[in-house]
Amino acid sequence: MARVFEYFVVCGLGPEIRTLDGNRGFHGTEVMYLPSLLDQYPPPNHSLYPPPPPQLPTCVLPAGVEFYASGFDSNDASNFPRSYPIVLTEGDGSKIYVSCIAFRDPVSEDIAEAYHIPANSFADKCICLVSRLPSFRILRNALEELFALCFSPTGSSKPLWDVIAYLVSNVPMPTPGKDRVLFAIENSLLAVEVPPKDGLPHADISFQPLVQCLDVDNFIKLFTAVLLERRILLRSNKYSLLTLVSEAICHLIYPFRWQHVYIPLLFFSGVDYIDAPTPYMMGLHSGVDTFGLTMDGVVVVDLEHNHITTSEEIPPIPEPELSSLRGDIMKLLYPNVVGIDQMKASLANSSEQYPRGGSKPWGEDHDLQLRFTFLKFFASILGGYRNFIENTASHVFNTQAFLKKRARSTNQPPEPMITQFLDSQGFLDYLERGLGSDESNNNLLDKLQDAIGRGQNPRSILPSPLAEPEIITISDPSVGISGSGATYSYDRFPSNVRTEEQEEKRKQILAAASGALEYSGNHGPSSPSVLVGKDSRAESLSPRERAAERERMVLDIKVKLQGLWLRLLKLGATDDPLSSFEYGTILALIESDAEGIGGSGFVECIREHIHSGWLCQLTEEQFIAVKELLKTAISRATSRNDMATVRDALEVSAEMYKKDANYVSDYVQRHLRSLSIWEELRFWEGYFEYLMDCSSNKSANYAMLVTAQLVIMASHMAGLGLPDTNAWYMIETIAEKNNIGYKQIIKLRGFLSHIRQLCIGYWGTYAVKAQSMSPYGLPSPLSQDAGDDNQQPAEASGVGRSWVQSMFSRDTKLRANSFSRVRKWTSDSGTLVANENGTPHKQDLPTSGQKKMQTSIRLLRGHSGAVTALHCVTRREVWDLVGDREDAGFFISGSTDCSVKIWDPSFRGSELKATLKGHTGTVRAINSDCGKVVSGSDDQSVIVWDKQTAQLLEELKGHDAQVSCVRMLSGERVLTAAHDGTVKMWDVRTDTCVATVGRCSSAVLCMEYDDSTGILAAAGRDSVANIWDIRAGRQMRKLLGHTKWIRSIRMVGDTLISGSDDWTARIWSVTQGTCDAVLACHVGPVQCVEYSMSDKGIITGSTDGLLRFWENEEGGIKCVKNVTIHTASILSIIAGEHWLGIGAADNSMSLFHQPEERLGSFASTGTKMAGWQLYRTPQRTVAVVRCIASDLERKRICSGGRNGLLRLWDATINI
């Protein structure tokens, strides 16, 4: 069960003291120090929630930690404790809400002794409550009660950390609109509740600070700037004000959401973030100096002085909406002024027009009225917008048509403000959220527009107040029964009990600090006063001295990076690099350095480590950390146009790899393939210059030299998967700038066409480094013969890996040898290209010379929401039908409109056979047998229907989360799996759950069951494939090896095949519980796997759009064929005896055939899987597809789109 409070955290001065500049040790009381995470509950070793964000200490104490000579003084307001909220945003956009209390606390004696800090010193400390619930008031009230209890003169009845533990562990999240949870902290009673979800989003803040700090005109100006996604910087000397104003303005743009960087309270050392070129909303303390920053285009909002400045014009809101919005705000803020001419006794509705109550304090009614005012503004300015929504490939909204319609209605030209707003990310996100999702059913903007159109009261769209909520009381049974009547009081905030390991680590850090200070004292004057005096003279340095100071700073950063890098590699097996101090510091140095010293220095220290003999082997955790750091370094370098750093980063990335348990290598550079830099002309221009500088034959003809370097570039572009048009544009542009003739350009175009076909071999298998490549998914324990002439695929794969290794290598011989083999291997005629078997082929890729096949496409309409589940009734399901009933070939679909529909393709024009209604949530899974249909939904229920009468037979309830998989079994049984991690078996006749046959630690995403043996396999988000013997009632195996979600599984006999988001597929032995092979050739998550019974081979499909055919050979599992006709995620692979149906997310389909007469011929060569030929593929239409089903007996494939349409392709029509 979710809890209101996720963490209680204490931040302050830790045992390892560093200044904000990164210098170790104590440097005087006038210097600010980095805060650390001191204590937390739950402890770090728990698994209830993700760990607190690593930047939490820096954010809750944004100015850093300061030392003081005295503690709390009731006569001095400057040292009073401060209570303020902050909001953190995670990578997926979710928010973390933190309530903080900062105060002065005595410095620990062991820290003071180790660092020679003056006795009786105090330092900043901050206690925090962390939650996912935006209930600022309850977070603040609970935290203040804990703080008061700690320093209460009467003390508490139990230890403070016991009170904290009970609070965090036992206060449940209330059900929205239904529950009110009461809990107590000592003798103080607190309550928390959440409003219903069908109203405005939960906003537990007051909007009064926003309207008090800014007048109406500046208020509207700030609102407009946020709506147009400008760079917003809020300034105030109060932390709370920055957070509350930021949150308030985000709620006022509902139903739209802020899509960009959001830091309501920016830590002081991150002031350089203000010069970021992308939109952001940040809050910065007014005491932080921004002198020297560009601030170009930044909208600076001074909340203390009601002042807004910007160098770029903010277009005003057009009329009549501006006057209406301004008038409504004035009525709310100044009702007595607006209605001063109003008669005391007037018409009945006059009080509604100008409500009195200027003396009434601001309350929740004012907040609601203000939010509703802005919602009405959106309803007016976007009137009729739903008529212009178009779900096409290029756009989802017809902006020009909407602007023309508005211009006609207002008799004014299109307004710049509306034009910019319609192009914003917030508006696009709003449209995409509404298309085919349940969110559109609770859209208050649409409801308000409909209510206004019908002449109803606009406030009627808000949910009516419900009955008194149910009271849930949480009481601590141990309070007041301690027996001894002991009380606990403290003169400082107590530390939590440390483990022996934590205590030992703390002692080691302090001992090292103490020893360093003693050594420093014996070998030179380095007293704090000297250091402080040196800093104070920095402003008087000359330009030359400043340059020298900068060089010393660069050297200092690089030295720090070297030490951090070495410490990152030395982390123990139980340590998590992503949450380590070393990783966080390196990341901060890379991100916060506007000049790129951190990124280039990090790459340089890795390169020097490689040159010193490092073998580049990384553990799984280190591999992930290094990958993320290099991605960040490359992204930051790209934004600065620092091609040298990008080049160096890619060079070192080609050397680093990790190996899994099966000794399969994975390269860091493989994970950098998705970077946007590959599509930028400036990068390739810089790389071309780099190649020209490195060329060893500069005396050759200039045109030939340029052509040779462009050939290398074309090879890399193809290998990196650049679209052909983009690659050719950049090559042609560089060629024209260098004035080479048209003959060379024609040769380049021909070579690029050839090299495109080698892309499939570029990211081939990688058992070891390029010098010893093997074409197999797993390395053979025996050495492979690299010189075998019959193994051309091995050379292709080796060439692909050599491209990776040599792309930025300074060894020109390696690069020359690599591409000489490419030119030797490819054909000069330009007519045929060798496939993975070394044989020429044309059939796998459509060419202009091939005859265009005519196909028959039908669009089946009926769903009003996105199609989310699709099932084809096979002959095996209806084998026992008698009479004239023939259900095989039916398609059954489920949708976000909560309905299930049965389609009969044999009746053209009237395919819809029945509509099954009963679910209240999105339908996610469908299955059937001879007489019944079973469906699972987000409403956590499973419904069994009669296929002929469309009647609801049974509703099976028992899952606690959305149902993801359903399966009809023999004997009137149903097998279901859900996101609650359980697999259940039901008896349809008795409407009961017979047994929970399996439990996973996380959501189940895929399931397979063998009814003949009773073996069940299920997998999902916990990355584990679980095997149960249902008949024996026991779990057989837990197959461990994948590192990310498992998306698909296929079980045939004793073999289980799994596909995962970690870019691999694995083959397992069910009885032995071992991994027999790892198929690691894809460059994206493996979405589906299939087993070909006739060939004993495997087919895998991935988000990279590749379809790979695998076959067993003596050396292991070999990829014998790649198909690249699909350009988006492969969603479905269905294999029959001689037919193979494929469907992808870009609405492309393909049908493959293996002629019977060819089966024997391939048996002797061991390449039966390569015998699959592309039979037909229909003309592609633009649509976003979520599910695919195939009827191989009738050669039909059906896709379900986000637009609610089913696209049925009959491949046998118009042959």
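Note: Cβ is positioned from N, Cα and C throughout, glycine not excepted.
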Which listed span TrEMBL calls region 'Disordered', if the choices are 339-360, 779-800: 779-800
Three-state composition of the repeat 'WD' (1001-1038), taking helix and strand from DSSP: 0 helix, 23 strand, 15 coil
Intrachain residues whose Cβ lies under 8 Å of the repeat 'WD' (956-996), provided they are six or more past its termini: 877, 921-922, 924-929, 932, 934-944, 1002-1007, 1009, 1011, 1016, 1018, 1020, 1022, 1028, 1030, 1033
Recorded stretch, among 916-955, 1039-1078, 1079-1111, maximising Cβ pairs under 8 Å relative to the repeat 'WD' (886-904): 916-955
Integer mean pLDDT for the repeat 'WD' (1079-1111): 85
Counts of helix, strand and coil residues, the repeat 'WD' (1039-1078), according to DSSP: 0 helix, 24 strand, 16 coil
The repeat 'WD' (916-955) - residue tally per DSSP class, helix then strand then coil: 0 helix, 24 strand, 16 coil
